[in-house]
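To start, the structure itself, in structure tokens.
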Amino acid sequence: MKEKHSGILYDATLRQNILVVEHILSQKIVTLRDKITINGNTALHVAVGTCKDRKFLKHMLDLDKQKSLNTKNSEENNTAPPVAVGTKDKQQSLDMRNSEGSNLLHVAAIVGNKEAAELLLEEKKDLLFETDKEGQTPVARALSNMHKDTYLYLMKHGDEFYDTVGCDLLVIIISSKDYESAYILVSKRIDSFLSHIGLVLMAIAQNFPSKLNYWERNYIRYGSREFTFLNYNFESFHKSKFIEALAEREKSYKYAKKLLSFICLTIKNKTLPRSVHHYYNNALLEATRQNAYEVVKIIVHIFPNTIWSTNEDGHNIIQYAVINRSEKVYNLLYQMSEHKNTYRTIRDRFGNNLLHLAARLAPSNKLNPISGAALQLQFELQWFKEVESFVCPLNIIQKNWFGETPQMVFTKQHKEMVIDGEKWMKETAQSYTITAALITTIVFAAAITVPGGNKQEIGIPVFAKETAFTIFAASDTISLFTSVTSLLMFLSILTARFSEQDFLFRLPRKLIIGLTTLFISTAAMLVAFGATLFLVFCDNNQDILIPIVALTFLPIVCFAALQFPLIKDLVSSTYFRRNVFGKKSDDPFY
């Protein structure tokens with residue numbers, strides 16, 4: 001019987017049918033405090049987890065308070081009249097947990113029910129500080145489930161919360177990239193976090209937001225302005241979600257810098273100089289690994305000696321940047337004074353100079369986003385050539401304690417990548433060679449057997465004076481020459497010797513030319529085919545021209561969409577990636 005009533009109560013709560021809820025409760029077989037789900041949720045847990053109607057939630061909470069009050073009065077005096085609900089009764093009435101140890105506010109935080117959270121905190125503020133079986137507070141649950149509005153409300157609900165918050169919660173806030181809340185929290189209670197400030201700095205280093213690029217900054221600056229044209233006020237850009245997202249990123253970046261600077265200055269002012277090393281060392285190295293150059297700049301600016309911080313292998317931040325291919329941190333070399341000359345000859349405990357470190361195989365997290373082994377090898381060669389241009393000429397042939405020069409290390413560690421790159425290049429070129437050869441055959445045959453044939457007397461094409469025929473002739477010619485060029489490029493790749501250095505520029509350039517000319521030849525062939533259809537079958541009927549054009553461009557668009565990512569990667573890595581190295585700012589670094 002009780003199980004049946006529990007099911008009815010659960011269904012009525014889901015449907016927010018307060019009359020059925022009251023009817024079930026009036027039978028006194030099941031109560032709001034009984035666990036009615038397999039994970040131990042009560043009807044109030046269900047209501048908080050599924051309903052945002054303040055009126056229904058308030059009614060459910062009032063029913064529970066009235067039940068608690070009646071029970072208490074019955075125990076004290078069966079004939080005594082009802083009394084007002086006190087604060088103690090309010091707090092006891094909401095003291096219920098499910099199987100995970102979650103109270104009602106935990107559930108509201110998990111599902112992001114801000115309305116329920118407001119009602120619950122009006123009844124019992126201490127719910128904010130209670131923890132579940134995993135030791136998580138409602139704020140932590142709201143954060144981990146990405147309900148920003150809910151956790152911001154909980155965070156702002158009373159200053160006493162800041163006295164009980166732990167370092168773990170601050171780390172969670174930073175990990176969720178809400179640097180504004182983190183800055184407010186730290187600025188109010190910095191002394192509470194000093195003993196674990198290293199964990200906070202590490203969280204900042206791991207989650208530091210990227211700076212908006214030039215185009216994004218200008219998009220915010222000009223795209224967010226309202227303007228009037230022909231008495232019409234344009235506000236679409238001003239209110240677009242893209243603009244709001246960019247503005248939020250810019251705001252997050254500014255608060256992240258403020259938070260990091262505030263923490264570092266506090267450490268500097270409140271800590272003895274000899275004891276600050278353990279605060280920032282791990283965070284600085286992590287920022288180097290993550291390529292968070294702004295974190296490195298701020299920490300080194302406030303603590304200049306951190307430039308010589310090392311990891312367990314004795315590598316400083318520049319050496320570590322080369323090992324992890326962190327180009328933004330590496331570029332800080334070009335903002336140094338004459339101190340950068342130290343790095344031209346510096347060696348680690350194994351006798352490796354900076355070029356030896358560049359010759360190592362890059363971490364997998366840097367190589368995996370790059371498509372194809374050939375482009376991965378190109379990426380490695382670009383790094384090797386960049387560091388080679390920086391170090392002293394003697395270091396290029398200098399041997400480490402194992403008797404290896406940088407080039408020997410590079411060849412040894414990239415042996416498999418060269419083999420995979422050759423295989424990738426050959427398979428790619430071979431597949432496109434077949435396509436280019438087919439196109440060449442088709443358009444060559446079309447050039448000989450022109451649409452409509454030739455006049456028997458003089459051999460001139462029948463449609464020679466038609467505009468569509470001119471389009472056919474021009475397109476067929478373009479397609480023939482570009483397909484032959486593409487075929488030659490792919491054949492030259494198949495017959496290449498595939499040395500390491502060929503992957504830097506020569507082979508990618510051939511592949512770019514081959515793919516580009518193949519796309520042009522495909523597009524021109526389809527245009528020639530469309531012109532032929534119009535000449536032979538349409539009898540100058542202009543109404544059929546539109547579907548022919550649409551169908552002609554359909555495969556062209558598909559081909560471009562499918563091949564554009566590869567061409568884009570090839571062009572950007574071959575011609576633009578080299579520009580990521582060099583001096584990016586006039587601000588002095590060290």
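From the backbone N, Cα and C atoms, a Cβ is placed for every residue, glycine too.
Not measured: the values here are computed from a predicted model.
For 68-80, the entry in TrEMBL reads compositional bias 'Polar residues'.
Across the domain 'PGG' (422-535), DSSP helix (H, G, I), strand (E, B) and coil residues number 89 helix, 2 strand, 23 coil. Summarising the annotation, TrEMBL assigns domain 'PGG' to 422-535.
Per TrEMBL, region 'Disordered' is recorded for 67-88.
According to TrEMBL, the repeat 'ANK' annotation covers 100-132. Across the repeat 'ANK' (100-132), DSSP classifies residues as 23 helix, 0 strand, 10 coil.
Outside the transmembrane segment (432-450), and at least 6 residues removed from its termini, the chain residues within Cβ reach (under 8 Å) are 461, 463, 469, 472-473, 476-477, 479-480, 483-484, 486-487, 490-491, 494, 514-515, 518, 521-522, 524-525, 528, 532. According to TrEMBL, the feature transmembrane segment maps to 432-450 (among others).
Positions annotated as transmembrane segment by TrEMBL: 470-491 (among others).
Marked as transmembrane segment by TrEMBL: 511-538 (among others).
What TrEMBL lists as transmembrane segment is 544-567 (among others). Beyond its flanks by at least six residues, the transmembrane segment (544-567) meets 371, 512, 515-516, 519, 522-523, 526-527, 529-530, 533-534, 537-538 of its own chain at Cβ-Cβ distances under 8 Å.
For the transmembrane segment (470-491), the residues of the chain that approach it from at least six positions outside its boundaries are 429-430, 432-433, 436-437, 439-440, 443-444, 446-447, 450-451, 510-511, 513-515, 517-518, 520-522, 524-525, 527-528, 531-532, 535, judged by C-beta separation under 8 angstroms. Note on the repeat 'ANK' (100-132): residues 39-41, 44-45, 47-54, 57-58, 61, 90-91, 93-94, 138-139, 141-142, 145, 147, 149-151, 153-154, 157-158, 161, 164 of its chain, located 6 or more positions outside it, place their CB under 8 angstroms from a CB of the stretch. The repeat 'ANK' (100-132) scores a mean pLDDT of 88 in the predicted structure.
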